[in-house]
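Peer 1: This is the structure I have questions about; it appears just below.
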Amino acid sequence: MSMLSRSILELIGNTPLFELTLEGVTFYAKLEMFNPGGSIKDRVALSIVEDAEKKGLLKKGRRVIEATSGNTGIGLALVCAAKGYGCTIVMPENMSDERKKILKAYGAELILTPASFGIPGAIKEVERRISENPDLYFPARQFENPANVKAHYEGTAVEILEQLGEIPGSFVAGVGTGGTLTGVGRRFKEANPDAVIVAVEPEESAVISGGNPGLHKIQGIGAGFIPKTLDMSVVSFSITVTFDDAKYYCERLAGEFGILAGISSGANVAAVLKAFKAGKLKTPVVTVFPDTGERYLSTELFG
């Protein structure tokens, strides 16, 4: 990355890899809050938009539309603002106020759907709008778009391998769309077929583990269904975490390491420690901190 940039999009990716030791366990975290939009989803947004441009699916005059818990929407709004596209984001109403305000700041049209319908309800609203005006909207469809996985297979995973200087023994990550786990997991499995790839999900909505979908407070993961972008053949096993544990480790990250991270980062830390202490992980262990804690100051996370 050059010192001088002429587009905010040039600053997406190449985030730091941070080594930390907590409760006697040493692991590495990719600090994705260093992306310009504050989350790992900037990578996905740029990948989806540029893939659509190359395929002729997205041209000036069309609007990008997406259902999201917030971070992908912010990434898309940022990318669309930089490229001159309109952007419509459909999001469950119970997502944090910061998400909603940031989306509006980037100029996105924000549509809120009932919290009880979750992400599936937001997806349904997106599809309704597309059916009514198919020529206006380009659907990002992050839960099934291969460009989501590509962003991590060609970007996130390659950066980790270069920064770490060795092949990870384990990769642990929360599952929202499954793009991060699938893209990074595939790359690591190619380098080391014995690598342990762990899917993290909320205890209240543990569908990968065979449970039922349900409302929970770990924003960004646990969509309540198994997305098409999640390749289950890559997953070694899944692990559940509680909101209280995720919150506890977010507080420790901020108070002991100076890392103000979002709730899914705390969930990933809880999962790493839980799995490591159970003897299920191989070293070195890598995870991601998907977004910044500033996005949650209106919630009970740091209350």
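Note: Cβ is positioned from N, Cα and C throughout, glycine not excepted.
TrEMBL entries are annotated by machine, without manual review.
Heads up, here are the entries from TrEMBL:
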type	residues	note
DOMAIN	9-291	domain 'Tryptophan synthase beta chain-like PALP'
MOD_RES	Lys41	N6-(pyridoxal phosphate)lysine
BINDING	Asn71, Gly176, Thr177, Gly178, Gly179, Thr180, Ser264	pyridoxal 5'-phosphate binding site
Peer 1: Out of Gly176, Gly179, which of the binding-site residues has the smallest number of neighbouring Cβ atoms within 10 Å?
Peer 2: Gly176
Peer 1: Long-range neighbours only, meaning 6 or more apart in sequence with Cβ under 8 Å: which ones does Thr177 (pyridoxal 5'-phosphate binding site) have?
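Peer 2: For Thr177 (pyridoxal 5'-phosphate binding site), the qualifying residues are Val44, Thr72, Gln142, Phe143, Asn148, Ala223, Pro227, Thr229, Leu230.
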Peer 1: Taking every residue in the domain 'Tryptophan synthase beta chain-like PALP' (9-291), what is their average pLDDT?
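Peer 2: Mean pLDDT across the domain 'Tryptophan synthase beta chain-like PALP' (9-291) comes out at 97.
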Peer 1: For Asn71 (pyridoxal 5'-phosphate binding site), which residues of its chain lie six or more apart in sequence with Cβ-Cβ distance below 8 Å?
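Peer 2: Listed in sequence order, they are Gly37, Gly38, Ser39, Ile40, Lys41, Arg99, Gly220, Pro290, Asp291, Arg295.
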Peer 1: Output, ordered by sequence, the same-chain residues six or more apart from Gly178 (pyridoxal 5'-phosphate binding site) with a CB under 8 Å from its CB, or 'none'.
Peer 2: Ala199, Ile226, Pro227, Thr229, Leu230, Asp231
Peer 1: Return the residues near Ser264 (pyridoxal 5'-phosphate binding site), defined as same-chain residues 6+ apart in sequence whose C-beta is under 8 angstroms from its C-beta, sorted by sequence, else 'none'.
Peer 2: Gly174, Gly176, Ile218, Gln219, Gly220, Ile221, Ala246, Pro290, Asp291
Peer 1: Name them in sequence order: residues not among Asn71, Gly176, Thr177, Gly178, Gly179, Thr180, Ser264 whose Cβ is within 8 Å of the mean position of the Cβ atoms defining the pyridoxal 5'-phosphate site.
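Peer 2: Neighbours found: Ile40, Lys41, Val44, Thr72, Asn148, Ala173, Gly174, Val175, Leu181, Gly220, Ile221, Pro290.
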Peer 1: I want to verify one value. Collapsing DSSP to three states, which class is Gly176 (pyridoxal 5'-phosphate binding site)?
Peer 2: coil
